[in-house]
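**Q** According to Swiss-Prot:
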BINDING   Leu162, Arg163, Lys164, Arg165, Gly229, Glu230, Arg231, Leu232, Arg233, Ala234, Arg235, Met236  heparin binding site
CARBOHYD  Thr212  O-linked glycosylation site
MOD_RES   Met143  methionine sulfoxide
REGION    266-317  region 'Homooligomerization'
REGION    278-290  region 'Specificity for association with VLDL'
REPEAT    80-101  repeat '1'
REPEAT    102-123  repeat '2'
REPEAT    124-145  repeat '3'
REPEAT    146-167  repeat '4'
REPEAT    168-189  repeat '5'
REPEAT    190-211  repeat '6'
REPEAT    212-233  repeat '7'
REPEAT    234-255  repeat '8'
SIGNAL    1-18  signal peptide
Amino acid sequence: MKVLWAALLVTFLAGCQAKVEQPVESEPEPELRQQTEWQSGQPWELALGRFWDYLRWVQTLSEQVQEELLSSQVTQELTTLMDETMKELKAYKSELEEQLSPVAEETRARLSKELQAAQARLGADMEDVRSRLVQYRGEVQAMLGQSTEELRARLASHLRKLRKRLLRDADDLQKRLAVYQAGAREGAERGVSAIRERLGPLVEQGRVRAATVGSLAGQPLQERAQAWGERLRARMEEVGSRTRDRLDEVKEQVAEVRAKLEEQAQQISLQAEAFQARLKSWFEPLVEDMQRQWAGLVEKVQAAVGASTAPVPSDNH
């Protein structure tokens, strides 16, 4: 695809200098080489190539072109191709900006500013081409029925100059995009280096551990088992000693708690007996007094009842 496109561009550049009635010398060979050098097949470059191919057709100034120039079809086609080119260019720029994330902010801002300037120049020159064609269409319409040979020659000259400017703009844009891409590659390499620096100590530690395990694997199995048994025995003895010490501490604490509880129970019993004796000393006089009063009241009631039941003397005797 790239070879076919390069061949198409060479053919286009070779025919861009043709006039309608008089032959014109072809473009210099260095300019052809310049275009084929930067043409790398990126989507935005392919879109720009389609724009140039359409411009080459316009530069022939054939009868069909002249008829379509009197309408708005040519400018509409150029507008579509311009929009397509700028859209692909923005997409490619966004892709490179994502790859530039590891690069320093200052560097990324500078590269982005330079690329935007080159992109703006390319867009302005493409707009200039369309403006020239619109101007030519207006002049042709104003000169209907008159000779337009001089006007066509002037338009052809303007279009050749604009094509050279577009070629320079595209070359500059391609170079800046290459710088952009190189910056993205450099940032990615720095990110990989940083990861390598962080992982280096971990890899070294793993290597040391592997060497230690390898040296242990070289010992006889019986010696390693004996060493592990001794370490396990020492560990078990240490745990047993700590457990016994802890049990002794718990026993002492339980004995202390029991003694405190017995002491508190005895104190509570003594306090209850004292309180009971105090209550008894308070209420016994009251009870005895109430008993005496009750006995006196009972005697009075009995005396009153006996007096009311005595026989009354009769007056009939």
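Just so you know, glycine gets a Cβ as well, placed from its N, Cα and C.
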**Q** Note down the number of other Cβ atoms within 10 Å of the Cβ of Arg233 (heparin binding site), including every protein chain shown.
**A** 10
**Q** What is the Cβ neighbour count of Lys164 (heparin binding site) at a 10 Å cut-off, with all protein chains included?
**A** 14
**Q** Starting from each candidate's C-beta and looking 10 angstroms out, tell me which of the binding-site residues Leu162, Gly229, Arg231 has the most other C-beta atoms.
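**A** Answer returned by the neighbour count: Leu162.
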**Q** I'd like the Cβ neighbour count for Arg235 (heparin binding site), meaning other Cβ atoms within 10 Å of its Cβ, all protein chains included.
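**A** Around the Cβ of Arg235 (heparin binding site), 10 other Cβ atoms lie within 10 Å.
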